[in-house]
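Here's what Swiss-Prot has on this protein:
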ACT_SITE  K264  active site, N6-AMP-lysine intermediate
BINDING   E262, R269, R285, E315, F355, R432, K438  ATP binding site
Amino acid sequence: MESDLEFSNIVSVLKLVEATTQRTVMAKALSSLLAKTPPQVIDKVIYFLLGSLRPDWEGVELGLAERLTLRAISMATGLPIRQVEELYKKLGDAGEVAKRAAEIKRSKGGGGTIFDFIDTGPKRRLTISKVYDTLMAIAKASGEGAQDTKVKLLSSLLTDAEPDEAKYITRFVIGRLRLGVADMTILDALSDAFDVNRDLLEKAYHVYPDLGKIAKTLAEGGEEAVKAIKVTPGVPIQPMLAERLSSPKEILNKLGGVAICEFKYDGERMQIHKLKDGTVKIFSRRMEDITNQYPDVAEYAREAIDAEEFIVEGEGVAIDPDTGEFKPFQELMHRKRKHNIKEAIEEYPINLYLFDVMYVNGQDLTDLPLPDRKKVLFSIIKPHEHVHHADWIITDDADSLEKFFLDAISSGCEGVMCKSVKLGSVYEMGARGWLWIKYKRDYKSELSDTMDLVVVGAFWGRGKRAGTYGALLLAAYDPDSDQFYTVCKVGSGFTDEDLKKLPQMLEPYKIPHRHPRVVSKMEPDIWFTPGLVLEITGAEITMSPLHTCCSVMLKGDVGLAIRFPRFTGRYRTDKRPEDATTVKEIFEMYSNQKKVKLTDQVP
């Protein structure tokens, strides 16, 4: 047992995490669990806690729908499928159904399944290896009869499980573990459990975002082994992020007087990798493998980039085939389909606009200044109809920057991205800093920019909205505390179609109480694990006693809130909750807003 861990240890922690609203309690429980986990299986423990068999970018899916999961519960417990389905209607949670069915089986001294009539000796306690390996076998089952194989494998696992174990295994299978244990929380727990510098772990995570691998490397090889983790083609790196300002003069001052400025296209950010064997992979901003959605872009990159191995970054933009004009981001949603991709390619063609290079032919370029990376990028791009360098200028003049910005807007772009050219202008993986600054005005709103906020709660509607959500509680992210602070309650901007699909979209995130990473004074009717990100605009940012955003910075019992918030119609499925607008950004927007008001009052 020394090289394995009884699954009951994990279940004890899961129960505690699910019940608590205190982040410190959750962190301590996770740290204690990882400290006693054998190195051989620490990766499996972490994957289970995160609700995924492998990192998201590997795209491993179990492929078991809820209906088939209920069948497996029926097989494992001997309860008729009709009774299991009735339990599901009553409880509304397949995990609770599995637990209740196991309890019924136990109370009857066995459920009459085939496993009850075979003398297998004393019942063996489940280990994480048994659970994980069986789940991986379910994911790998393919071909004729795969669904039956998956159901039988899950059934055999549930047969060996205690009621609470069955509950969490089932929730894992249907993708509703509902713990909200985030990557940053795991990094905190690893740092505490192994008494190592958290920054070291986070740096490795930015280079190689696989917490299972990082944990196993740390447990088996120590800090030096973690330091040896390098940028690897085929493994996405955490994208660099930008701050925001709303005037050319401020931007140039912040960047030291001169900047490279590029069009900020209204498309999908893409990190494109080519491996030595010729394989091309495309990763989204969320580091998910989206190659299958964009096989044309993969081929364009293979043709246009003159390097055996590379990692480049750019924006995939929908193009009108008749006029060559840019089309809005929403057009790319048609590329999300799993079928008829050929038709989608013809109907919604794409151009690729490259703006950075991070790796070429065995060389990690992330520590080079931006001008040096640009030289490399220009040297490897061959002329191609569908692949171009992003439109750009280098300037030290605010008027020139403003003119370039207006050119970008008139071309259908969101604005411009301004970047430092100084010696320290490295590619900061996973960091949001002042080396890159967004200049992006929303002319339809009094706010200088939109915000991407995370849904953490919902309020039931009244009147026409009775029976669905009337408003959502939204929060901004604080990377320093790894918590979400509420900033508005939004009910405007939603179409009838939005109101119809939101409950379904949010169902996987529903939890019985406030999540420990959410800081809120308001009490919505329904709480959610931070997950879904929405784009929001509004009139202005004001002080509010009802919200917690920036309350630490304001040093009082008030926070900041968005006045007259409105949903823009854009679901930011390309962003993780940790990629949402930060509390620091909102505070800066509030400060800039006050400066503008003061300026307007000057005669």
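The backbone N, Cα and C atoms fix where each Cβ goes, glycine too.
Reported as a whole number, the C-alpha separation between K438 (ATP binding site) and K264 (active site, N6-AMP-lysine intermediate) equals 8 Å. The C-beta environment of R285 (ATP binding site), restricted to residues of the same chain at least 6 apart in sequence and closer than 8 Å, consists of P239, E268, R269, D574, K575, D579. Across the residues annotated as binding ATP (E262, R269, R285, E315, F355, R432, K438), the widest Cα-Cα separation comes to 18 Å. Around E262 (ATP binding site), the C-beta neighbours below 8 angstroms that are at least 6 residues distant in the chain are F355, A390, D391, W392, V416, M417, K419. Around the Cβ of R269 (ATP binding site), a 10 Å sphere holds 17 further Cβ atoms from the protein chains shown. All protein chains included, K438 (ATP binding site) registers 19 other Cβ atoms within 10 Å of its own Cβ.
Around R432 (ATP binding site), the C-beta neighbours below 8 angstroms that are at least 6 residues distant in the chain are L241, A242, E243, P479, T582.
Around E315 (ATP binding site), the same-chain residues at least 6 positions away in sequence with a Cβ under 8 Å from its Cβ are Y265, G267, E268, R269, M270, L352, Y353, F355, A390.
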